[in-house]
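Taken from TrEMBL, the feature transmembrane segment covers B:6-27, B:34-53, B:59-79, B:91-111, B:131-160, B:189-209, B:221-251, B:263-283.
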Amino acid sequence: MSANRWLSTGNYFTSYKEEQRIFATHLDRSVLLCFLAVLFAWPLLFEVSNKQMFVIDNIMIAMIAVVGLNLVTGFAGLISIGHAAFVGIGAYTIASFARLLGDTHMVLTHGWPALIVLAGFMGALFGAIAGLPAFRLKHLYLAIATLSFQMIFQWTINFMDFFDQGQTISVGRVFWVTGRVGRSDHYLFWYYVILVIIVLVGFGVRNLLRTKYGRCLVAVRDNDRAADAMGMHPGLTKVYAFALAGFLAGVAGALHAYLYRGVGIESFTLHHSINYLAMAIVGGLGTLSGSFWGPLAIKVLDMQVERLSEWTGGHLAVATNLATALKPLSFGLIIVLFLMFEPRGIANWWRIVRSYVKLWPFRY
Amino acid sequence: MSYFFQLVISGVVVGSIYALSALGFVLIYKSSRVLNIAHGQIIAAGAFITYGLTVWANLPIYLSFVLSMILTFFLAMSVERIFLRRLIGEPIISVIMVTIGLMSILDGLIYLTPFGTENFSFPPFLPVTPIAFFGVSISWTQLVGVIVTFTLIAGFSWFFKKSTVGISMRAVSDDQLASMSIGISVPRVFGLAWAMAGLSAAAAGGIIGNITGLNFDTLHAFGIVVFPVVILGGLDSILGAVVAGIIMGLIQQFASGYLDGNWGLNGTGEVLPYIILLIILLFKPHGLFGIHEIERV
């Protein structure tokens with residue numbers, strides 16, 4: 001790490017090893033550690049209602065899923081219009097245990113950490129299967145392949161008796177070392193679980209991206225023939241990208257199942273796939289921090305639109321439900337506007353702010 | 001046996017609508033290499049404009065059908081002008097995303113109207129009693145729908161084969177640089193392709209609306225189901241879209257006619273196209289009539 005941030009005029013790397021570091025300076029690392037400490041501590045210091053916690057949990061689950069989507073779409077350059085299906089695979093892994101063993105069985109309530117990992121592997125397996133056409137096809141066709149995977153998934157759930165035709169399958173409350181996690185602690189408990197998983201995922205992906213396996217994703221995105229010439233197997237890399245994305249989606253799905261204490265098909269439709277894509281775009285494709293900004297931005301926008309339409313609904317006599325109209329409208333506009341004017345997403349703003357703060361009081 | 005022929009007839013009816021829907025999709029893809037995911041919403045918009053003109057403006061249905069085709073022509077053209085023109089040359093991934101965003105915007109706009117949530121049906125203007133022969137029956141709306149569809153498809157084929165504008169559109173899809181050098185305005189051709197797609201979508205919407213009634217969910221589902229059709233036909237072939245549309249319609253009808261209810265299966269007609277899509281993508285990605293230009297990676 002550079003000697004003293006306040007004296008040096010910049011980060012001058014003298015070796016590749018230095019350049020590949022996660023934290024360029026001690027300050028960077030301390031800031032992140034402080035931030036994580038705040039994330040862990042704040043629910044204990046402030047009074048948070050269950051409703052607010054639920055929203056936060058939701059955003060964080062979406063972050064995990066979007067990190068996965070960003071790996072496949074942002075880093076490997078393969079459009080996936082079926083990400084909600086992979087999230088659904090994770091959730092339905094939990095649901096199938098609930099159907100087979102009963103929703104309050106020991107395996108489900110005590111073995112949930114193992115089940116979450118298992119759900120991730122199921123997601124990875126199906127991700128790899130859906131990515132199989134990648135051996136022959138390029139992105140355009142792959143987008144259609146993932147779309148059809150989404151449709152097949154929806155149909156399978158909708159018409160299978162085992163999954164109750166897509167109606168909600170309930171999942172029991174889990175146990176922690178202190179005993180059964182009750183109603184009042186439910187959302188707080190899952191906040192911590194999800195937070196730990198996000199931290200693990202964040203570090204995992206950040207580290208992955210500086211290894212051979214992460215960089216080959218970017219290489220295949222930028223030029224698959226050149227990557228082939230460098231000794232990577234583009235087809236395998238793409239399938240592997242899908243499997244990685246599927247893993248994270250599966251984990252997100254399992255968390256979703258436990259958080260909602262139930263699994264229903266209405267949370268894993270094509271509409272949700274598009275939602276995840278929008279989050280990845282708005283956050284910034286091909287950036288890790290974007291995967292955290294995107295879900296936050298979209299969910300906050302969603303809530304604001306809902307509030308606005310409630311407000312106008314109270315003041316104007318309108319027959320139609322404004323929220324159903326304004327939500328897709330604002331959502332579509334935001335995707336299109338971001339693509340037209342800020343294709344690098346919020347992550348780019350974050351980068352600008354950061355470099356401004358870093359260089360202050362100098363301009364450059 | 002008459003059950004079989006009944007399925008054939010309804011398969012051809014559904015299939016010809018698929019063909020017409022897929023036609024617009026293929027037009028856009030062929031000229032500008034854009035996958036238009038919002039196609040179903042344009043179909044729905046066309047259908048709703050037709051309904052609005054017929055019922056609210058009290059125009060004769062034939063006139064409103066033509067008027068809605070013209071209106072959707074300009075609607076799609078302006079969509080291209082506003083959203084897609086500035087993305088020429090951008091990576092294909094952003095262009096696809098823009099059409100996804102467009103889908104959401106159109107969804108939102110349609111939900112602002114009563115069409116988003118309520119069901120409507122066109123006033124009957126054809127004889128209600130179906131035509132029956134040899135134990136097989138076909139309703140007048142279906143018959144007229146199929147005839148109109150095939151007339152339009154024939155018209156489009158003639159347009160691309162013979163007219164100057166059509167030939168310039170084909171030229172652009174073959175080689176953009178070469179067509180620019182002989183004075184064809186490529187952006188204008190893109191706009192025109194979108195406009196023609198809008199026109200065919202409005203026609204498809206009007207016909208679907210007459211046969212099944214106006215329901216937003218049914219109508220925009222056509223935008224998704226065109227994917228299996230165009231992949232089977234080979235993304236950039238108009239003939240392929242027509243043949244594959246009919247094949248897909250037949251497959252759907254046979255699946256729901258013979259498979260549903262047996263072996264605990266249900267709704268197979270909905271899913272079979274996508275399974276076929278995946279199989280085609282794995283083994284013959286250029287489809288039946290597509291150009292063999294997919295590179296191995």
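Quick reminder: no glycine exception, Cβ is built from N, Cα and C everywhere.
As the structure is a computational prediction, the values presented were derived from the model and not from experiment.
Among residues of the same chain six or more beyond the transmembrane segment (B:189-209), those with a C-beta under 8 A of the stretch's C-beta atoms are 17, 20-21, 23-25, 27-28, 30-32, 36, 39, 42-51, 65, 68-77, 79-81, 84-85, 88, 121-122, 145, 148-149, 152, 156, 165, 168-169, 172, 179, 218-219, 222.
Each of B:6-27, B:34-53, B:263-283 was scored by its Cβ pairs under 8 Å to the transmembrane segment (B:91-111), and the highest score goes to B:34-53. Long-range contacts of the transmembrane segment (B:263-283) within the same chain, counting only residues at least 6 positions beyond its ends with a Cβ under 8 Å from a Cβ of the stretch, are 225, 227-229, 231-232, 248, 251-253, 255-256. With a threshold of 8 Å between CB atoms, the same-chain residues lying at least 6 positions outside the transmembrane segment (B:221-251) that come near it are 7-8, 10-23, 25-27, 29-30, 37-43, 103, 153, 156-157, 160, 173, 204, 208, 272-274, 276-277, 280-281, 285-291.
Counting same-chain residues at least six beyond the ends of the transmembrane segment (B:6-27), those with a Cβ under 8 angstroms from any Cβ of the stretch are 36, 39, 42-43, 136-138, 142, 145-146, 149-150, 152-153, 156, 193, 196-201, 203-204, 207-208, 211, 222-223, 225-226, 229-230, 233, 235-238, 240-254, 257-258.
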